[in-house]
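Peer 1: Swiss-Prot feature annotations, pasted as is:
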BINDING   Val55, Gly56, Glu75, Arg76, Arg83, Phe88, Arg156, Val172, Asp336, Met349  FAD binding site
TRANSMEM  3-23  transmembrane segment
TRANSMEM  45-65  transmembrane segment
TRANSMEM  447-467  transmembrane segment
Amino acid sequence: MAFTHVCLWTLVAFVLTWTVFYLTNMKKKATDLADTVAEDQKDGAADVIIVGAGVGGSALAYALAKDGRRVHVIERDMREPERMMGEFMQPGGRLMLSKLGLQDCLEDIDAQKATGLAVYKDGKEADAPFPVDNNNFSYEPSARSFHNGRFVQQLRRKAFSLSNVRLEEGTVKSLLEEKGVVKGVTYKNKEGEETTALAPLTVVCDGCYSNLRRSLNDDNNAEIMSYIVGYISKNCRLEEPEKLHLILSKPSFTMVYQISSTDVRCGFEVLPENFPSIANGEMSTFMKNTIVPQVPPKLRKIFLKGIDEGAHIKVVPAKRMTSTLSKKKGVIVLGDAFNMRHPVVASGMMVLLSDILILRRLLQPLSNLGDANKVSEVINSFYDIRKPMSATVNTLGNAFSQVLIGSTDEAKEAMRQGVYDYLCSGGFRTSGMMALLGGMNPRPLSLVYHLCAITLSSIGQLLSPFPSPLRIWHSLKLFGLAMKMLVPNLKAEGVSQMLFPANAAAYHKSYMAATTL
């Protein structure tokens, strides 16, 4: 018995000794890491390095600098970008922009006010405006369309007017890493010299073609769903420039919208398996023979104008990529380098600005960004808090894009017709869907409700006037299609984040209320 007691007490003493040693060692490592980064920050070094000075990088630089952070931004090309994406700012995005103090960046760029959609299908037209009487939305319920490059340059000027923001033109080659902690970047400056920059926090915000994403997440590979083809018709103005014109054409959707007082963006989706060549003229033939006849007469002249005048045709892959946090400390990824959804909902900038707003608020209490463990806690919190907005937009974009593809399958076409009927029926259906689309009501559960309502109404149309065996079969196929659209997004975004309303309520209270942050 005495021997047993001795063994037991020896074991207890060993466990206690090991625990004390482990905790002391962990504390020492955390202290050493903080001291190392603090040492790196001497002599005016940066608190934060931002890779990329697009919409996200510039907006984040401004927000963090206003909080007193020293920010070093490294951008590959400071010329005004010529992009086809990022030309439409939803009402929710404008709210986020104003909360960051950047609302004036939409001024003096000839941005056009947009009050909603005009939707066309099979010769019919209907309006789907943003809800005006929405007591839950604390900002003017309208969108803006513009030249992306002009907007980016405004953001850059605003950010780099602050004395604690340093802008440098250069190409980031890799992240500097030490024992699983990112300490900075290696980059080539404008003169072609390879150099390094150190900071306790590095933000990767270099867009959908990010060359740093793979070094942080092996499984973060973007999936190309289709291609968006577009061009600008110049020196013209739409009859209804305040609307984004969405045409449910075949093989997929077509969009026409005003991006300045004299320029109109024309674009359409092409599926990968049937992509016409631009070089040999197949694309122009495809546009004239397939797309143009489906464009409504009041839009057709402007749509043709760009083709006939030889407007530069741009092709952009429509990518999808779920967000995944990096296991490495001292780094966070934002924007299209972090999370992408189909661009048909034109909400990428809105999600990005929401992310910046959240990250800024979470970082504000931290006086020392060199504590990698505390910063990691902030990043983990950020990932959860962003879900109401990101999950709503991601699910809506990815589901909506599948519905808009034309098909000879009766079930798929019934779903497509059901979306048109539901979106354009007026009342709470239209206002509810447009509030979701515009980022005015980022509640995933509300989106699930509307998707289920569209499915049930589409099934009702299929079964009408009498539920024959063939109609029942098509209805079952339609239900299966709806589940294929919804379930993968539930899995990707998280069931709890999608179906529990408390998260959305907390997000709305913290980030969409009328009070400024």
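Glycine is no exception: its Cβ is also placed from the backbone N, Cα and C atoms.
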Peer 1: Restricting to the record's FAD-binding residues (Val55, Gly56, Glu75, Arg76, Arg83, Phe88, Arg156, Val172, Asp336, Met349), give me the longest CA-CA distance in Å as a whole number.
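Peer 2: Per the listed residues, the maximum Cα distance equals 29 Å.
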Peer 1: Near the Cβ of Val55 (FAD binding site), how many other Cβ atoms are there if near means within 10 Å?
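Peer 2: Taking all protein chains shown, Val55 (FAD binding site) has 30 Cβ neighbours within 10 Å.
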Peer 1: Please work out which residue of Glu75, Asp336 has the most C-beta neighbours within 10 angstroms of its C-beta, and give that one of the binding-site residues.
Peer 2: Asp336
Peer 1: Same chain only, sequence gap of 6 or more: which residues have a CB within under 8 Å of the CB of Arg83 (FAD binding site)?
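Peer 2: Looking at Cβ-Cβ distances below 8 Å from Arg83 (FAD binding site), excluding near sequence neighbours, one finds Asn148, Gly149.
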Peer 1: What residues, ordered by sequence, lie under 8 A Cβ-to-Cβ from Arg156 (FAD binding site) and sit at least six positions away in the same chain?
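Peer 2: Residues satisfying the criterion: Ala53, Ser58, Met78, Leu167.
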